[in-house]
Amino acid sequence: MAFVTRQFVRSVSSSSTASASAKKIVVKHVTVIGGGLMGAGIAQVAAATGHTVVLVDQTEDILAKSRKGIEDSLRKVAKKKFAENPKAADEFIEKTLSSISTSTDAASVVHSTDLVVEAIVENLKVKNELFQRLDKFAAEHTIFASNTSSLQITSIANSTTRQDRFAGLHFFNPVPVMKLVEVIKTPMTSQKTFESLVDFTKTLGKHPVSCKDTPGFIVNRLLVPYLLEAVRLHERGDASKEDIDTAMKLGAGYPMGPFELLDYVGLDTTKFILDGWHEMDTKNPLFQPSPSLNKLVAEKKLGKKTGEGYYKYK
């Protein structure tokens, strides 16, 4: 009987240990790599929802601009959120900013973080080098996530030894406004990691959706081929870009037409995504290059940000 009791105790004990190791990570400390629009936006919403954040970029000048951008964005949020209470608005801004620190040395700040979110240039080699280096310094429990919109998460995760603690967290621009986050699970991502990230996005006030590691995930996989089909329709001379935009706004209820959206997003961004997909699957008709898109990008006519794309802007 004593033997049976000991076996039972051992069994319960080992089950408890396994259960503890399988518990979800409650993300409290976040490190965001990249102080651009996306990275700064992610840092802002994380800090505004009670997380401690370290924002990392290459220079102090970039970080100063990022912090200024976050402060300006917070003022807009606070003005709307605390319209009748200016004092509460000031306190909200001050508290959020106090939760964000900055650094130019990623390796020195990831040792105590729960989550690393990368939002740097869309270049697989650069991302792999970053994560390979951080993998050596981050704590064992730390989850790595990439905000990539076009690269394969698995290809980035393979640069580390923590493929089970690696996933995609695709936010949308502008991050403080857009509610959606795509949580991308690779074949190696553990259920614990996936659930931890879903919970984290909910604490940010976002709506998570799940997708496998497929090109473009959900939104871009549907959006980019739609945009390119509009371009091909115009290239064939079937309809003018103005009429295509009007048709989709009035007929489908879209807030912007495809050409307006292409110019807003940036033609170079769309071309980059399309080129990457075409390289992966050259025979897919949805991923074929566009002559007019290639021409405009070559001429540096990238849309609203350069003053001209498919349309001209004053």
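Residue 1 is the first one shown; counting continues down the chain.
For all residues, glycine too, the Cβ spot is worked out from N, Cα and C.
Automatic prediction, not curation, is the source of TrEMBL annotations.
Copied over from TrEMBL:
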BINDING   Gly34, Gly35, Gly36, Leu37, Met38, Gly39, Asp57, Glu122, Lys127, Ser149, Asn173, Lys305  NAD(+) binding site
BINDING   Ser73, Lys80, Ser149  CoA binding site
DOMAIN    29-214  domain '3-hydroxyacyl-CoA dehydrogenase NAD binding'
DOMAIN    216-313  domain '3-hydroxyacyl-CoA dehydrogenase C-terminal'
SITE      His170  site 'Important for catalytic activity'
Long-range neighbours only, meaning 6 or more apart in sequence with Cβ under 8 Å: which ones does His170 (site 'Important for catalytic activity') have?
Asn147, Thr148, Ser149, Val181, Glu182, Ile184, Phe217, Val219
Rounded Cα-Cα span from Ser73 (CoA binding site) to Lys127 (NAD(+) binding site), Å:
27
Are there any residues in the same chain, six or more apart in sequence, whose C-beta is under 8 angstroms from the C-beta of Gly36 (NAD(+) binding site), and if so which?
Ser66, Ala119, Ile120
When DSSP states are grouped into helix, strand and coil, how many residues of the domain '3-hydroxyacyl-CoA dehydrogenase C-terminal' (216-313) land in each?
64 helix, 3 strand, 31 coil
Which value does the mean pLDDT take for the domain '3-hydroxyacyl-CoA dehydrogenase NAD binding' (29-214) in this predicted structure?
97
At the level of the C-alpha atoms, what whole-angstrom distance separates Met38 (NAD(+) binding site) and Ser73 (CoA binding site)?
13
Pairwise C-alpha maximum, in angstrom, for the residues (Ser73, Lys80, Ser149) that bind CoA according to the record:
30
Relative to the Cβ of Asn173 (NAD(+) binding site), which residues of the same chain, six or more apart in sequence, are found under 8 Å away?
Leu37, Met38, Gly41
10 Å Cβ neighbour count around Ser149 (CoA binding site)?
21
